[in-house]
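Below: one structure, written as structure tokens.
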């Protein structure tokens, strides 16, 4: 049924090879069209896959399983939507039992991710026609390499890696593609490589995520050593549940699963920019804006969420719920911290980046408050995946809008914007839709997904619920602040219309994707998501979609309204007396927020002063002097010995003859004496 | 009946004349001739021992013939080398080819 699935990985890879090897030989337009066409095909394949998976395979399995409901769960753990392994072949054989497989696995969330990735990637491919062309012109004067073809090649590679990650049949395959998306992120952040900031940002992103991935790898090794397999899906791996149960029941090995899972989460925290490993994401905004939309807002940064969600059944069933709650607390703090920093940013892309961190933290909080496989304790799982889906759409929308503004203004800083609603009406509407959606106002997408998360938090602990409600108020505040300083207030252009470029609307290739994503952001909240994705596989209802607003929804709506009101009061006008007064009253707080509360500096201190100063330099000295010294001495000794006996080979044949004869005679005499 | 010592004395003389010639002569041809003398002394020893110790067998004789054949081939090779050396260095003196080292 899904025999064509290998194309979903093969096509973008072929497109990468084609564009990467021959791209520079073909005109820009052709390269872009090849990349976009491949993505169009992928988008179609993903939609077809989703349609078949959710409406044929699933229904059929449900019919078969209807009579095997045990304790509210469908027998065999298959649920309504079974895990379909399309293919799974051995790539490497480590031992008889432990093999590294590459496969293609469909589950409700991986199908959902296929849709997210291909939709956003497709939109970004179209949008980049306008964005990258414009940028090429701008940067020509500064000697930037024209990398239109290179850009599309990297986008293809990224799409392939991300698709490979979400369809992974085992944790090792996930790790492999996990590293590949990291490489793509590095390549694309440093896309404008003559720019120093871009190079530094790409290095920072790569090193920080690689550092976190080290823990992921250690976690995988723990897991595979004790469990004996890389597979994590208990539905399709025979014997996995028994093995895990045996390990969890053995007092000497009880630490294994929680430790391994938490180490894996640290890898996920690096990718998903959780505090204190979030420092790379704001800097990653040096990359081209379509990349920020695709990689650093919608897809790659949710890899950590996807990883925790994939392993969630193991967390819950095998006594790692404590670790799960730590994840929730870390994420809740991150959400608050990022929201606070986002309130003070002057660079609009960095503001959006902190908003992304905050929203991803929401998803992880929702996963972290899961306590059971069914009922209220499992609500967070569905809410988290729902938020992942809707957030990908409206955050990609917001980033693409900000890209349109940056192309027109030529700067990331809010000081050069203001009053753009007159000049860029379509972008204005789209950005407003994105802002309303992320702020969580009914009836746009964010309301349903985020309030579901807040609801799950209230179920877990009311304090956490109130905390997340507060953060959702802050979300509304900083997003509307961003909206007002860009589109309303004093226009930078109108201050000096003679000498400044008049802002204008972006071309159709750029606003087309914006409008499409805006439409998706409007309607995505009405998808009966709980029918498709839930932890135990049984359909769940999202109460909000049936106008059953519980008290929690009213609270977060109220918080969002307060945030919206505050932002309007402070930032909507031409002058911003309240905001300026606050900045003057609390200069230290403002400066700290602007500098991201000095976390980057703390890391800088930690790596340079402590790690380099106390460990790296002594180790380097030992390496250079002791280890290198030993081998240098050996080499020196050999060389000297050779030099001293070299004259023996004089080239004089008669001399050799004398030596030979003397030696023979001497040997003969010795033998004679011995005998 | 010739005493066996006579053979030994002759072959010993031949051997040491050969060795002395090989070490002292500078001409390559002369050195080759010296080597031939050494070989001939050995051949003589083979024949003498066979005749006196194992008169019924003839392995020593065959070995002598074999050795003469080998030395003929070896002389041909050595002469070819000497001709090439001469062509290259324009000299048949052994100290002119001292740079064949390292």
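Heads up, residue numbers simply count up from 1 along the chain you see.
In case you wondered, yes, glycine gets a Cβ from its N, Cα and C as well.
Taken from TrEMBL, the feature domain 'NADH-Ubiquinone oxidoreductase (complex I) chain 5 N-terminal' covers A:91-139. For the domain 'NADH-Ubiquinone oxidoreductase (complex I) chain 5 N-terminal' (A:91-139), the model's pLDDT averages out at 84.
Residues or ranges marked as domain 'NADH:quinone oxidoreductase/Mrp antiporter transmembrane' by TrEMBL: A:168-472.
For A:6-23 (among others), the entry in TrEMBL reads transmembrane segment.
If you look up TrEMBL, you'll see A:30-54 (among others) marked as transmembrane segment.
TrEMBL lists A:109-130 (among others) with the feature transmembrane segment.
Residues annotated as transmembrane segment in TrEMBL: A:175-193 (among others). Tertiary neighbourhood of the transmembrane segment (A:175-193): same-chain residues 139, 144-145, 147, 150-151, 154-155, 157-158, 160-162, 164-165, 168, 199, 201-203, 205-206, 209-210, 213, 216-217, 220, 267, 271, 283-284, 286-288, 291, 295-296, 299-300, 303, 307, selected by CB-CB distance under 8 Å and a gap of 6+ residues from either end.
Sequence-distant contacts of the transmembrane segment (A:214-232), counting only residues of its own chain at least 6 positions beyond either end whose CB sits under 8 Å from a CB of the stretch, comprise 97-101, 169-173, 175, 178, 240, 243-244, 247, 253, 256-257, 259-268, 270, 310-311, 314. Among the features that TrEMBL reports, transmembrane segment is placed at A:214-232 (among others).
Annotation comment: TrEMBL describes A:252-270 (among others) as transmembrane segment. Remote same-chain partners of the transmembrane segment (A:252-270), defined as residues 6 or more beyond its termini with a Cβ less than 8 Å from a stretch Cβ, comprise 171, 178, 208-209, 211-220, 222-223, 226, 244, 277, 303-305, 307-308, 311, 314-315, 318-320, 322-323, 326-327, 330.
According to TrEMBL, the feature transmembrane segment maps to A:291-318 (among others).
Sequence annotations record features per position, and here TrEMBL assigns transmembrane segment to A:324-344 (among others). Remote same-chain residues near the transmembrane segment (A:324-344) are listed as 262, 265, 269, 273-275, 278, 308, 312, 315-316, 351, 354-355, 357-365, 367-370, 460, 464, 467-468, 470-471, 474-475, 477-478, 481, 590, 593-594, 596-597 (criterion: CB distance under 8 Å, separation of at least six residues from the stretch ends).
According to TrEMBL, the transmembrane segment annotation covers A:351-369 (among others). Remote same-chain residues near the transmembrane segment (A:351-369) are listed as 272-274, 278, 281-282, 284-285, 292, 296-297, 301-302, 304-305, 308-309, 312, 324-332, 334-336, 338-339, 341-342, 345, 380-381, 383-385, 387-388, 391, 395, 398-399, 402, 438, 450, 452-453, 456-457, 459-461, 464, 468, 471, 475, 478-479, 482 (criterion: CB distance under 8 Å, separation of at least six residues from the stretch ends).
According to TrEMBL, the transmembrane segment annotation covers A:389-411 (among others). Beyond the ends of the transmembrane segment (A:389-411), by six or more residues, the same chain brings 112, 115-116, 119-120, 123-124, 127, 130-131, 134-135, 138, 288-290, 292-294, 297-299, 302, 348-349, 352, 355-356, 359-360, 363, 417, 420, 423-424, 427, 430-431, 433-435, 437-438, 444-446, 448-449, 486, 492, 501, 503-504, 506, 510-511, 513-514, 517-518, 520-521, 524-525, 527, 529 to within a C-beta distance below 8 angstroms of the stretch.
The annotation transmembrane segment is assigned in TrEMBL to A:549-572 (among others). Sequence-distant contacts of the transmembrane segment (A:549-572) (same chain, six or more residues past either end, CB-CB distance under 8 Å): 439-442, 447, 450-451, 454-455, 458, 465, 469-470, 472-481, 483-485, 488-489, 543, 578-579, 582.
Annotated transmembrane segment per TrEMBL: A:605-622 (among others), in sequence order.
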Checklist line | When counting Cβ pairs under 8 Å to the transmembrane segment (A:109-130), the leader among A:6-23, A:30-54, A:605-622 | finding: A:30-54
Notebook entry, point to check: Taking a Cβ cut-off under 8 Å, which residues six or more beyond the ends of the transmembrane segment (A:6-23) line up next to it in the same chain?
Noted result: 31, 34-35, 38-39, 41-42, 45-46, 49, 86-87, 104, 114, 149-150, 152-154, 156-157, 159-160, 163-164, 167
Check: How many of the residues that make up the domain 'NADH-Ubiquinone oxidoreductase (complex I) chain 5 N-terminal' (A:91-139) does DSSP mark as helix, as strand and as coil?
Finding: 32 helix, 11 strand, 6 coil
